[in-house]
Each structure stands twice: as C-alpha cells, then as structure tokens.
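*Asks:* Quick one: this structure, given as structure tokens, is what I'll be asking you about.
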Amino acid sequence: MSKQTIVLLYGGRSAEREVSVLSAESVMRAINYDKFHVKTYFISQAGDFYKTQEFTVQPSESEKLMTNASLDASLKIKASDIYEDKAVVFPLLHGPMGEDGSIQGFLEILKMPYVGTNILSSSVAMDKITTKRVLESAGIPQVNYTVYIEGNDLEDCITETLETLSFPIFVKPANMGSSVGISKAESIEGLREAIALALKYDSRILIEQGVVAREIEVGLLGNTKVASTLPGEVIKDVAFYDYQAKYIDNKISMAIPATIDEGITSQMRYFAEQAFKAIGACGLSRCDFFLAEDGNLYLNELNTMPGFTQWSMYPLLWDNMGLSYSDLIEELVSLAEEMFQKRESHLI
C-alpha cells in the first residue's frame with residue numbers, strides 16, 4: 001500500500017517561529033511511518049519557502065530541521081511548489097502569517113487539505129479583541145477589558161481603563177500568542193510602558209483585568225462534532241507565565257487532569273465546546289481558562305494552533321484521554337481530509 005504524504009510547514013514570519021520549529025521536530029518523530037511519508041518545508045523570517053528534509057522512516061533524535069540560522073539558498077522554492085496531489089498539509093505555524101487565516105487561504109487556493117481551522121475562524125481567533133466580542137455574544141464569561149487602537153487618543157484609553165479596571169492589569173497585542181509582547185502593569189506609568197511594548201507587535205491592544213486565578217486548559221478536537229478533554233492545569237514557578245518561562249526556562253509544570261470540582265469541570269468543557277462552535281472552528285483548538293479564587297470561571301483565550309511538541313499541553317491532554325500523540329496526528333489528518341471534501345462540495 002502506498003503511503004500518504006504529510007507536508008509539514010514550519011517556521012514563519014512571526015515572533016513565535018522558534019516554537020514552530022520545536023512543534024515540527026516533535027511531529028516528524030511521532031508520525032506513523034507505516035502509513036505516512038513526510039515532507040518538510042521551512043518558511044523563513046523573510047517569508048521565503050525552502051524545501052527541507054523528507055522522511056520515509058522515523059528520524060533520529062539528533063535530526064534537526066532547517067532554521068533561519070542554517071538557511072541553504074539552493075533549497076529555496078516558489079511557495080506553490082509545496083503542492084502535491086492527495087497530500088495533507090500540517091501547518092505548524094503560530095501567530096501572525098501562520099494561524100491568522102493567511103496560510104489557510106493560500107492552501108485553499110492550492111486546493112490542499114490542511115490540519116486546523118478555516119480562514120475565517122483562524123482570523124477571528126487570532127485577534128484577541130474580535131474573539132472577545134464573538135464570545136460575549138455567545139454568553140461566555142470573560143474578564144473585563146478595554147481596547148486601545150493605535151491612532152486613537154491614548155489618554156482617553158488610559159482614563160477609561162482606570163475607570164473600568166484595577167491594578168494589576170495585563171496588556172496584550174491583539175494578534176500574538178505564546179505570551180509574546182504581553183506584560184503586567186501595576187501603575188499608571190507601568191500601563192503606559194506596557195502599551196508601548198505591545199505596540200511593537202500590533203496596532204490593536206487588549207487591556208485586561210488581572211485576576212488571581214489558576215490557569216486551566218481544555219483540548220478540543222473535531223469538525224461539526226467537537227470533543228473536549230478533561231482540563232489540565234498550568235502550574236507556574238513564576239508570577240507571570242511569559243514566553244521565557246514557557247519555552248526557555250522551563251519554569252512551569254502541568255497537572256493532567258487538573259484537580260477541579262466535577263461541576264466546574266463540566267462547565268469548563270461546555271464553555272470550551274461553545275467557544276469552538278461560536279467562532280466556527282474545526283480540526284483542533286485549545287481553550288484556556290482562569291479559575292479565580294472566588295470560584296468564578298473566565299475564558300481567557302482560544303488557540304487554534306496550540307503548541308504541538310510532545311511536552312505541550314494539547315497533546316498531553318489527549319494522551320490523558322487515551323489518544324496517543326501519534327494517533328492524534330492521524331486523527332487530525334483525517335479531519336483535514338473531511339473538511340477539504342466538505343469545502344469542495346460547497347463550491348456548487
């Protein structure tokens with residue numbers, strides 16, 4: 001029986017490109033090579049495409065993918081050269097130009113099935129402000145927030161924020177993930193500095209009420225029918241779970257499943273599934289919650305392409321449900337093919 005090709009797209013132009021490389025290297029080792037043949041393509045920080053390694057058997061732990069530090073100009077290709085009939089693309093790309101609908105639109109033009117959610121849902125979920133407004137309309141609880149758009153009056157925004165929120169306050173670029181560009185403000189001066197930092201990454205800024213809370217995450221999997229995992233908890237050794245703590249210092253651990261009251265667990269899974277449906281997601285997502293000290297539950301973020309290394313929360317949540325890392329990848333490929341056929345059938 002001939003093997004099906006999985007195309008791994010990794011790298012990208014966003015500040016989250018290093019996370020993408022880690023995810024791709026994990027996936028290429030976990031794939032079932034009895035069924036699949038793997039081709040990898042790197043998108044450089046400049047936005048160019050490079051044809052990198054191919055694998056017909058499981059690569060060794062020492063095998064590393066091309067990065068911006070090891071570019072080989074002779075491997076540069078046209079973006080459309082990734083096309084292969086009947087191949088499925090796994091876009092292991094995070095942040096802008098990766099999970100914001102850009103690459104999804106490109107793959108739909110190429111008529112290639114791809115893992116993950118569609119153009120519109122990717123765009124909505126990538127923008128934290130738009131996500132909040134959609135989830136508000138679905139009745140899903142969230143922390144209070146204000147918004148600053150570059151070009152608007154900053155002083156008016158600060159006045160509104162001080163009237164609406166209390167310190168500590170978190171300031172976030174609307175279109176970044178992995179905690180890139182996010183900072184915590186505990187004073188008016190700190191708020192100004194946090195907004196200035198966030199503006200380096202985006203022109204749309206989300207300003208949120210800080211809460212003392214446990215950080216709980218739920219995995220989602222499916223297309224028109226969605227399944228959710230039992231929650232897992234992020235346990236921090238730092239005050240703020242930022243990019244450095246997540247990916248460099250390893251100052252976090254995870255409790256899977258989280259120790260949570262059964263009623264709250266059910267409520268959390270319900271809200272996660274409703275959020276997935278509200279944005280029209282498909283394939284996979286990870287829903288992140290705050291469980292406050294007073295027992296209130298707030299949906300913090302919906303991530304349509306969560307970190308996908310073997311030690312990332314999303315695969316571990318599914319492993320706890322009895323779905324192994326390798327089988328999860330296979331299920332995502334199947335869901336990608338299902339959605340591709342559905343999209344094609346709608347083009348009447």
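Every residue, even glycine, has its Cβ placed from backbone N, Cα and C.
Sharing the features that Swiss-Prot gives for it:
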- 132-334: domain 'ATP-grasp' (DOMAIN)
- 162-217: ATP binding site (BINDING)
- Asp288, Glu301: Mg(2+) 1 binding site (BINDING)
- Glu301, Asn303: Mg(2+) 2 binding site (BINDING)
*Asks:* Starting from each candidate's C-beta and looking 10 angstroms out, tell me which of the binding-site residues Leu162, Met176 has the most other C-beta atoms.
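*Replies:* Counting every other Cβ within 10 Å of each candidate, the maximum falls on Met176.
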*Asks:* In whole Å, how far does the CA atom of Asp288 (Mg(2+) 1 binding site) lie from that of Asn303 (Mg(2+) 2 binding site)?
*Replies:* 8
*Asks:* Between Leu197 (ATP binding site) and Glu301 (Mg(2+) 1 binding site), find the distance joining the two CA atoms and give it rounded to the nearest Å.
*Replies:* 20
*Asks:* For the binding-site residues Ile169, Leu197, Val211, which one has its C-beta crowded by the most other C-beta atoms within 10 angstroms?
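*Replies:* Sorting the candidates by Cβ neighbours within 10 Å, the top entry is Ile169.
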*Asks:* Measuring Cα to Cα, tell me the gap between Ile169 (ATP binding site) and Glu301 (Mg(2+) 1 binding site) in whole angstrom.
*Replies:* 16
*Asks:* By the DSSP assignment reduced to helix, strand and coil, which category contains Leu197 (ATP binding site)?
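*Replies:* Assignment for Leu197 (ATP binding site) reads helix.
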*Asks:* Identify, in sequence order, the residues in the chain of Arg204 (ATP binding site) that are 6 or more apart from it along the sequence and have a CB within less than 8 Å of its CB; answer 'none' if there are none.
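*Replies:* Asp127, Ile129, Val147, Tyr148, Ile149, Glu150, Pro173, Ala174, Asn175 - these are the non-local Cβ neighbours of Arg204 (ATP binding site), listed in sequence order.
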*Asks:* What whole-number Å value do you get for the CA-CA distance of Asn303 (Mg(2+) 2 binding site) and Val211 (ATP binding site)?
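*Replies:* Distance between the two Cα atoms comes out at 20 Å.
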*Asks:* Using DSSP reduced to three states, classify Gly190 (ATP binding site) as helix, strand or coil.
*Replies:* helix
*Asks:* Could you round the CA separation between Leu162 (ATP binding site) and Glu301 (Mg(2+) 1 binding site) to a whole angstrom and send it over?
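*Replies:* Each residue's Cα considered, Leu162 (ATP binding site) and Glu301 (Mg(2+) 1 binding site) end up 23 Å apart.
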*Asks:* Where does the mean pLDDT land for the domain 'ATP-grasp' (132-334)?
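*Replies:* Looking only at the domain 'ATP-grasp' (132-334), pLDDT averages out to 92.
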*Asks:* In which DSSP state, out of helix, strand and coil, do we find Leu162 (ATP binding site)?
*Replies:* helix
*Asks:* What does the structure give for the C-alpha distance between Val211 (ATP binding site) and Glu301 (Mg(2+) 1 binding site)? Integer Å is fine.
*Replies:* 14
*Asks:* I'd like the number of other C-beta atoms within 10 A of the C-beta of Gly190 (ATP binding site), please.
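*Replies:* Summing over all protein chains shown, Gly190 (ATP binding site) has 16 other Cβ atoms within 10 Å.
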